[in-house]
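Features of the protein shown, as given by Swiss-Prot:
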SIGNAL    1-22  signal peptide
DISULFID  Cys30-Cys41  disulfide bond
DOMAIN    37-155  domain 'C-type lectin'
CARBOHYD  Asn50  N-linked glycosylation site
DISULFID  Cys58-Cys154  disulfide bond
BINDING   Asp98, Pro99, Gln100, Lys101, Arg102, Gln103, Asn135, Asn136, Asn137  carbohydrate binding site
DISULFID  Cys129-Cys146  disulfide bond
Amino acid sequence: MASRSMRLLLLLSCLAKTGVLGDIIMRPSCAPGWFYHKSNCYGYFRKLRNWSDAELECQSYGNGAHLASILSLKEASTIAEYISGYQRSQPIWIGLHDPQKRQQWQWIDGAMYLYRSWSGKSMGGNKHCAEMSSNNNFLTWSSNECNKRQHFLCKYRP
């Protein structure tokens, strides 16, 4: 019995030193159907909503959820890989918008707008809401008319 307890203690000690235990114990859980990456939970919804309704639906999930801000290439790549497991052709609303309609883009969740991934046909006209474009496997963004109905991505920090 003492030997079994000692082995368990040794195993837990090894896991703690490698960081594996921290991932197992400290990792918060996301809502069912959402996925976890780097301290955030993401929900991909294949419902058709305009940008404003998509944002309202994200907020309805609580936990401070909004349409997703994408702040790095690593985050963009993880999201793109996840979405590609469901579909490869429909654009997806994200939380980037131009509320004053002056090409002054900002994230709806208040995150700093530093990382940019606009496609060549990114902005112009009456297009003041951003989408992840299915061209280039969801790694680039395009602007679109905010009243267009399409899939959307929500994000919150658990």
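Note that Cβ sites are derived from N, Cα and C of the backbone, with glycine treated the same way.
Where Swiss-Prot records a feature, it is marked here on the structure.
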| residue | record | Cβ contacts under 8 Å, 6 or more apart |
| --- | --- | --- |
| Cys30 | disulfide bond | Tyr36, Cys41, Tyr42, Gly43, Pro158 |
| Cys58 | disulfide bond | Gly43, Ala65, His66, Leu67, Phe152, Cys154, Lys155 |
| Asp98 | carbohydrate binding site | Gln104, Trp105, Gln106, His128, Cys129, Ser143 |
| Gln100 | carbohydrate binding site | none |
| Arg102 | carbohydrate binding site | none |
| Asn135 | carbohydrate binding site | Ser119 |
| Cys146 | disulfide bond | Asn50, Trp51, Ser52, His97, His128, Cys129 |
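Counted within 10 Å of its Cβ, the other Cβ atoms near Cys129 (disulfide bond) come to 27, all protein chains included. Across all of the domain 'C-type lectin' (37-155), the predicted model scores a mean pLDDT of 95.
If you draw a 10 Å sphere around the CB of Cys41 (disulfide bond), it holds 20 other CB atoms from the protein chains shown.
Taken residue by residue with DSSP, Gln100 (carbohydrate binding site) is part of neither helix nor strand, so it is coil. It is Asn137, among the recorded positions Asn50, Asn137, Cys154, whose Cβ has the fewest other Cβ atoms within 10 Å in the structure shown. Cys146 (disulfide bond) falls outside any helix or strand according to DSSP and counts as coil. In the three-state DSSP reading, Cys41 (disulfide bond) counts as strand.
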